[in-house]
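Undergrad: Submitted below is the structure of interest, expressed as structure tokens.
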Amino acid sequence: MTPGELRRLYLIIRVFLSYGLDELIPNIRLTLPLRVGRHLFFWLPNRHKDKPLGERLRLALQELGPVWIKFGQMMSTRRDLFPPAIADQLALLQDRVAPFDGALARKHIEIAMGGPLETWFDDFEQEALASASIAQVHTARLKENGQEVVLKVIRPDILPIIKADVRLMYRLAGWVPKLLPDGRRLRPREVVREYEKTLLDELNLLREAANAIQLRRNFEDSPMLYIPEVYSDYCRESVLVMERIYGIPVSDIAALEDQGTNMKLLAERGVQVFFTQVFRDSFFHADMHPGNIFVSYEHPHDPLYIGIDCGIVGSLNKADKRYLAENFIAFFNRDYRRVAELHVDSGWVPCDTNVEDFEFAIRTVCEPIFEKPLAEISFGHVLLNLFNTARRFNMEVQPQLVLLQKTLLYVEGLGRQLYPQLDLWTTAKPFLESWLRDQVGLPAVIRALKEKAPFWAEKFPELPELVYDSLQQHKLLQQSVDKLTTQMQGQQQRQGQSRYLFGVGATLLVSGTILFLANAVEISIGFIVAGVLAWFIGWRRTS
């Protein structure tokens, strides 16, 4: 380790011990050195004994800074790794960091743009409009048309911090399989690798710009969701320029009610937006926490969502969407056998999984959910229960499904905050059934033919030659098979003759031996010679 890494490691140890997180170390033989080593830091007692473990973990991550805050946020979606009390506390982590100096932001933008800010913008506001761990936002106007915009700029010093902390996380992850009995199954290095990829993706604002453009195109002229326009000509890897929006934060229930917002319709539209993104577009905003969602001031009776911060997105392939939709419908029909079969058919669990055992495990975990009214059943927790059960049957972690589960929990929690009587299943079921019908009905066949038509139009002139080549290959293959069959038959015949000669030879040798013992020497020699000769001929036939 470098001196810098050692200093950072000591800081992490100091923070963890001051919050009493050594309680997380399991009491097993392998961890004895760690538990003994704890006493070497006797000057770092637990200063927060009055708080539960989950809250102490959340506070420790907040104190360690933005990289660890975002890591905790990601871990809050991995409820297979943590008990609910800890996962719930991690979900409360807020990515709020004091802004860095506006003059430094201005300088960094000018470096990225390659010239003075006034070349492209007027009225640049040096005081940040908002700030987070990775970037912060400033307002300005485009010089060319006076359009109000926001400039999102990456923190200049964040990359070295991320790299240093991620290196430490990899080192810590390497200890987990040695310290925890179940550590290997948790695949800690893969968890850190996934987190590192997420962080590095967020550092590239050109990627976020592309995501926002795609989402805006998907919901163009939609009455449900508006995505601000991105000004691509001004975007750089560390600077994003997009339209400034005005709206009510979706978490401000009082303000929404004061302007007469149709809360029931708003909640239902949140669900519809989510399922439209997932099943129609295969491209969904995967960071839909309340800080990234606003509601337009216009038409409160016909409310419109406004989405920002498209740095994290998810996608599902056609097979995943099909199996996910069928899983939901089978679950709410309480067809647990079908749920188990779908997990096997999709490849989410190994093909040799015992379907009966899997069905029973799903039934045991999920049946109690139906003790509640349908309106109170959580889609997110349905997915959580299904995936946690499947992991006991060696289900591989599917990153796209983890993102989907996190987003669904956000959407569901938000919807019920807006309208507590929201029946998510009643809202979603018609959409899912309609989508499934569209995938297997006549429209799906026609659509598939249209998609394949250019390919077959290109290949059609080559078809006679391909058929001829195929017939020739079949003929050659048949000749090879016939030749091989003849060779095998000849070999089997020779082996049969050899076995017969070995048997005759053995009989003659035994008989010759008996005659020799009976003093019939001359006759016995003839039998023995004949036996040896029979063995020799049999051996030659096997060669």
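Every residue gets a Cβ built from N, Cα and C, even glycine.
What you see is a predicted model, and the numbers here were worked out from it, not measured in a lab.
Marked as domain 'Protein kinase' by Swiss-Prot: 123-501. Residues annotated as ATP binding site in Swiss-Prot, with sequence analysis given as evidence: LEU129, ALA130, SER131, ALA132, SER133, ILE134, ALA135, GLN136, VAL137, LYS152. The feature active site, proton acceptor is assigned by Swiss-Prot to ASP287. Here Swiss-Prot flags 514-534 as transmembrane segment.
On this model, are these features tucked inside or out on the surface, and what's nearby?
TA: The secondary structure of SER131 (ATP binding site), as reduced to three states from DSSP, is extended strand. Within 10 Å of the C-beta of SER131 (ATP binding site) we count 18 further C-beta atoms, all protein chains included.
Around ASP287 (active site, proton acceptor), the same-chain residues six or more apart in sequence whose CB sits under 8 Å from its CB are ASP309, CYS310, GLY311, ILE312, THR407, listed in sequence order.
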Undergrad: Would you mind ranking the binding-site residues LEU129, ALA135, VAL137 by how many other Cβ atoms sit within 10 Å of each Cβ and giving me the lowest?
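TA: Across LEU129, ALA135, VAL137, these binding-site residues, the one with fewest Cβ atoms within 10 Å is LEU129.
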Undergrad: Determine which residues of the chain contact the transmembrane segment (514-534) at the Cβ level, with the cut-off under 8 Å and only residues 6 or more beyond its ends counted.
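TA: Contacts with the transmembrane segment (514-534): 501-502, 504-508.
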Undergrad: Report, as a single number, how many Cβ atoms besides its own are within 10 Å of the Cβ of SER133 (ATP binding site).
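TA: Within a 10 Å radius of the Cβ of SER133 (ATP binding site) lie 21 other Cβ atoms.
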Undergrad: Give, as a single whole number between 0 and 100, the mean pLDDT over the domain 'Protein kinase' (123-501).
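TA: Result for the domain 'Protein kinase' (123-501): average pLDDT 84.
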